[in-house]
Amino acid sequence: MMEQVCDVFDIYAICACCKVESKNEGKKNEVFNNYTFRGLGNKGVLPWKCNSLDMKYFRAVTTYVNESKYEKLKYKRCKYLNKETVDNVNDMPNSKKLQNVVVMGRTNWESIPKKFKPLSNRINVILSRTLKKEDFDEDVYIINKVEDLIVLLGKLNYYKCFIIGGSVVYQEFLEKKLIKKIYFTRINSTYECDVFFPEINENEYQIISVSDVYTSNNTTLDFIIYKKTNNKMLNEQNCIKGEEKNNDMPLKNDDKDTCHMKKLTEFYKNVDKYKINYENDDDDEEEDDFVYFNFNKEKEEKNKNSIHPNDFQIYNSLKYKYHPEYQYLNIIYDIMMNGNKQSDRTGVGVLSKFGYIMKFDLSQYFPLLTTKKLFLRGIIEELLWFIRGETNGNTLLNKNVRIWEANGTREFLDNRKLFHREVNDLGPIYGFQWRHFGAEYTNMYDNYENKGVDQLKNIINLIKNDPTSRRILLCAWNVKDLDQMALPPCHILCQFYVFDGKLSCIMYQRSCDLGLGVPFNIASYSIFTHMIAQVCNLQPAQFIHVLGNAHVYNNHIDSLKIQLNRIPYPFPTLKLNPDIKNIEDFTISDFTIQNYVHHEKISMDMAA
């Protein structure tokens, strides 16, 4: 299939349009569509006077060049024209610096304030049938008609060409099928307009990208990208060749460009001979569009937290980080480089950010972190302790599991105003809420059997008997009991989902200690999902971990630098004793971890 002229010469349109007044505006029966945004101008100026963010986007798009891609663009154009090099225009300004071309009509040119003429760092081209070069003091190109632009582009070294208005110019290029993409700003306010963007034929152009939504100059706005579809369009011979059936772009016969246009015509006659296959063009386009859509991102602050990227040489040397453990490591890196410095309850201080998500495929592996050795026995013993509904910290200490030790001391309990509480009586924490939600808590010795709501029993019953229920939730956040807990729950809510004989779990964690807590939480809820899946005769599917306040304690930073510079190993697998059918019957001996390859242990002090 023959390349289209706009594809070869990389011709785009860029514009901003507002909403225009409608008879039904504000009424219930008002109908909106893509043509709702079509207002271009009013009385020779922008209807909205000025929108600083849109101007920033316009400049970002029309000035961005990627010199590493230019050789391929140049080759494509030269091959298309069947010549070895681009002929530089000697009698016109031609910057040695690679730039984009911007093409505008006379009215648009006249609307630009004099101090901004010509548009800097761009090759300015004015399309006018009446103006001449001698009418301008500025370095600009003057063309009389659209086909002259194609001639000019064949002689220039440039990156991309952008049509920037006005309405008649847009219309002419669209009619001649000379627009590859339209970079379109939607100004979400209504203004009086007398000039409008031509209606876009949705059979010829489709929206391929939509940006974030912004506010600027008291209006919301966003940016969309239309791309020319692959539908068979009118052959560009009708645009340039000048056959009798379409004289929109006749050949010039009266100046030095005649030879150049004849070469274009000759190309069409021998199109099969000069076919070029550019399989990576779409990838290059997507890379540029990504840059455009990130125009408003603040440049990454160097050493925001006095941590230098050189501290992560191995981490940063990796081109692809697809191993699922990098979900966790990437969060740590982001927080250490860009996190907010905050004081905290413990007095240690943290770097923190808000809102992350990780997903682990339990059907493929058991996500036990490998960049440091984890205390797996402690993770399992704590989980079994939760499942039994226990609150006595001595039970774990007697098994040399010290996860809750610091939270059960006399000093810690007194700081929580739990003066009456015995040491290591942790109060109505996770296990109590899982098995006795709503029951009155007295102490760690009393028997709470058949008191409160047994949430764990209920969710297992729902999974077995009503697997499509959207109420399969387990909640540890009991507001009434928070002040009685040695430590309010960090991982507060999980929900289960059954499909196709598989069980998935999503867990929300309000407070996320990245150095110590989160690795345990990932493993614990993954094991929990395996256990519930087995007793419900299902297979484990996904564990999804949602993090709220994610933080790195200041006294963990040096240790985490070491961890981030370690390359993860393949995750291990988890095997449960298949004979266990009751969630309460599991013991530590029923869990087997196979092929746990890991780096050395990294010590970190707990901030309590």
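Counting begins at 1 with the first residue displayed.
A Cβ is built for glycine as well, from the same backbone N, Cα and C atoms used for every other residue.
Swiss-Prot lists 10-228 with the feature domain 'DHFR'.
Counting only same-chain residues six or more apart in sequence, the Cβ atoms lying under 8 angstroms from the Cβ of ASN108 (substrate binding site) belong to ILE164, GLY165, GLY166, VAL169. Here Swiss-Prot flags ILE14, CYS15, VAL31, ASP54, ASN108, ILE164, TYR170, THR185 as substrate binding site.
Here Swiss-Prot flags ALA16, 39-45, 106-108, 128-130, ASN144, 165-172 as NADP(+) binding site. DSSP assigns GLN171 (NADP(+) binding site) to a helical segment in the three-state reduction. Spatially close to GLN171 (NADP(+) binding site) yet at least six residues away along the chain are PRO198, judged by Cβ distances under 8 angstroms.
Feature annotation from Swiss-Prot assigns region 'Thymidylate synthase' to 322-608.
The dUMP binding site annotation in Swiss-Prot covers ARG345, HIS491, GLN509, ARG510, SER511, CYS512, ASP513, ASN521, HIS551, VAL552, TYR553. Within 10 Å of the Cβ of ASP513 (dUMP binding site) there are 23 other Cβ atoms, across all protein chains. ASP513 (dUMP binding site) falls within a strand when secondary structure is assigned with DSSP.
Neighbour density for CYS490 (active site): within 10 A of its CB lie 17 other CB atoms from the protein chains shown. Secondary structure at CYS490 (active site), as computed by DSSP, is coil. Feature annotation from Swiss-Prot assigns active site to CYS490.
Put simply, ARG129 (NADP(+) binding site) is 64 Å from HIS551 (dUMP binding site) when counted between their Cα atoms. Residues ILE14, CYS15, VAL31, ASP54, ASN108, ILE164, TYR170, THR185 are recorded as binding substrate; their most distant pair of Cα atoms lies 31 Å apart. Between the alpha carbons (Cα) of CYS490 (active site) and CYS15 (substrate binding site) lies a span of roughly 49 Å. A C-beta separation below 8 Å, combined with a sequence spacing of at least six in one chain, links ALA16 (NADP(+) binding site) to LEU40, LEU46, ASN51, ASP54, PHE58, PHE184, THR185, ILE187.
Within 10 Å of ARG129 (NADP(+) binding site), counting CA to CA, the binding-site residues ILE14, VAL31, TYR170, SER511, TYR553 contribute nothing. Taking every pair among ARG345, HIS491, GLN509, ARG510, SER511, CYS512, ASP513, ASN521, HIS551, VAL552, TYR553, the residues recorded as binding dUMP, the greatest CA to CA distance is 21 Å.
Summarised as a single figure, the pLDDT of the domain 'DHFR' (10-228) averages 90. Local packing around the binding-site residues ARG129, ARG345, HIS551 was summarised as the count of other Cβ atoms within 10 Å of each Cβ; on this measure the leading residue is HIS551.
Of all the binding-site residues listed here (GLY41, ARG345, SER511), GLY41 has the Cα closest to the Cα of VAL31 (substrate binding site).
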